[in-house]
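Participant: Have a look at this one.
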Amino acid sequence: MSLKLGVPSKGRLMEKTFDWFGARGLDIRRTGSEREYAGAVGGIDGVDLVLLSAGEIPRELNAGRIHLGVTGTDLVRERIPAWQDRVEELSGMGFGQADLVIAVPKCWVDVDTLEDLDAVASAFRQRHGHRLRIATKYHRMVREFLREAGVADYQLVDSQGATEGTVKNLTAEAVADITSTGDTLRANHLKVLSDGLIHRSQATLFRSKSAAWNDRTRAALDILSERLEENV
Amino acid sequence: MQPTKDQVRAEAGRLRSVFLEAGARIVDPDILQPADTLLDLYGEDIRARAYVTGDPLKGEQMLRPDFTVPVVEMHMASGEGAVRYTYAGEVFRRQEVAEPGRANEYFQVGLEIFDAADPEEAEAEVFARFASVLAPLSLRAAMGDIGLLTSAVSGLTASAPRKAALMRHIWRPRRFRALLERYSGRSRVPASRAELLRRLKAESAEALLAANGPQIGLRSPKEIEARLRTLQDDAAELPISAAEVALIDDLLDIRETPGNALARLRDIAVDMPALDPALDRLERRFDVMQSHGVDLDAVEFEANYGRTTMEYYDGFVFGFYAGRQPHLPPVASGGRYDALTRVLGQGREMPAVGGMIRPGLVLELGRGGAA
């Protein structure tokens, strides 16, 4: 059995992943035709490449079907319950940075903190008869964050895309979304709460704790780990 | 050895028949409950604890996480007066992290008494009946009274909005504490708030809003302006005194035998007379419990009891625990939930007290000898 390394199959995330491993002496590339999802790893023995959609990598790590995988820390926290028991962060990769934040309309001049949001949620519910809606696709992380902060009287509404537009479209009062520069939030007349940073995400190499590890895969991981340490 | 499901079901039936003999009526609420009701009551947090499923016509449903909510809904819709109910069946609890000793699916048997005539008598009766059926297990019993904290809050020297904000977070101790620190001046006003208040002295709310346009979303400029006035009023308000905060701290610290707890509470009430009516009720409850044969000295009174796990329980609260196996959930728990009848009663409310027992744990502990 070889060590299975799951990497994103498309786009900039894939290219940067390949570059990152390349800088550490691992030659990762796609093989076959442009449309074929096949790849190879050179410069190390006993490692098989598995090309996956970035969003599926947490699931495969959790199930132990891949030994290592590259994905965002946000997706791991959102999709793997008790993630610390299931995977280990081996190395942050320094790209794919994005912050998961809570943002409200800029015109809410009275709101800057979670304490404000909580007070407004209470008044909003009394006035409008329903809980204050927060649009997001990161349900678990947002829920846990707001529970810790003691915010009540809100509801999460699912938004898989164009989340920043939900306030203007009257389908949500606030959003919890990923942002890297804040430009999209600003363009949609939203502002981030000063204590509204839920998570700072980046592309990260994870190890699955539930994958079957044997002498061969362990040896491959040892060599890989040495390479990573040499290049810190 | 774990009892089989048949054995647990039989034990549940046995316990329910005890409550049936106490004059309760059997009810059998649906397993599928509308998710909206539970979400409106408990907020998004319930999603972490309850199984959500979907129905193409009825929308989101939850596998019942407890019986009390459907029993209260049913009773309030019936328009009946004093009734007592019993039930036995499975409840379902989702776990995001494995919790040892806690099953995802387990039986509950309950007794719920809706009766306005004599609240302390009903409370004492529920506790005494539970204590009696659980007596062979030698469990540790604990109780509290959330009505003490709500009385203390209502007696604070503070504005109505401040009291309302504290009341809203009675069951979220951390936010409650943060608000108390803010209102008593022990924590600083955030810089952004201070800046906002400073600007409001120099310019009008309208001008401030105009400078931060455009207006988007359902929350109107009027609502924003109303909150700005609330913030200005709040800033002008005197802090809650250190002495009053100390009284609340003293109250929440109490963990004593009921007799000692009552004596300490009476001491606190000397400086906080708003507690007196709640203390009179507490004293009477203790008396009636004793007349029901409850050994009060064997029960621990914790003023903070139930604040994190028993939302909408707003008076007497209690639980029975396997003292030597602290990882186990309570074998039984319950209390007064007038607030729940108020929220679900659509304009009506009804004093109600009740509790549930886990028959599976009763069997398990009974076999293992002393709990």
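Just so it is clear, glycine is given a Cβ too, placed from its N, Cα and C backbone atoms.
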Participant: Going by TrEMBL, B:D66, B:F67, B:T68, B:Q108, B:E112, B:R307, B:Y312, B:Y313 bind L-histidine; tell me which of B:R93, B:R94, B:R324 is listed for that site too.
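Facilitator: For the L-histidine site that includes B:D66, B:F67, B:T68, B:Q108, B:E112, B:R307, B:Y312, B:Y313, TrEMBL also lists B:R93.
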Participant: Looking only at B:D66, B:F67, B:T68, B:R93, B:Q108, B:E112, B:R307, B:Y312, B:Y313, which the record lists for L-histidine, tell me the maximum pairwise CA distance in angstrom.
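Facilitator: Max Cα-Cα spread across the L-histidine binders: 22 Å.
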Participant: Here are some binding-site residues: B:D66, B:T68, B:R307, B:Y313. Which one has the most Cβ atoms within 10 Å of its Cβ?
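Facilitator: Selected residue: B:Y313.
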Participant: Using all protein chains in view, find how many other C-beta atoms are within 10 Å of the C-beta of B:Q108 (L-histidine binding site).
Facilitator: 22
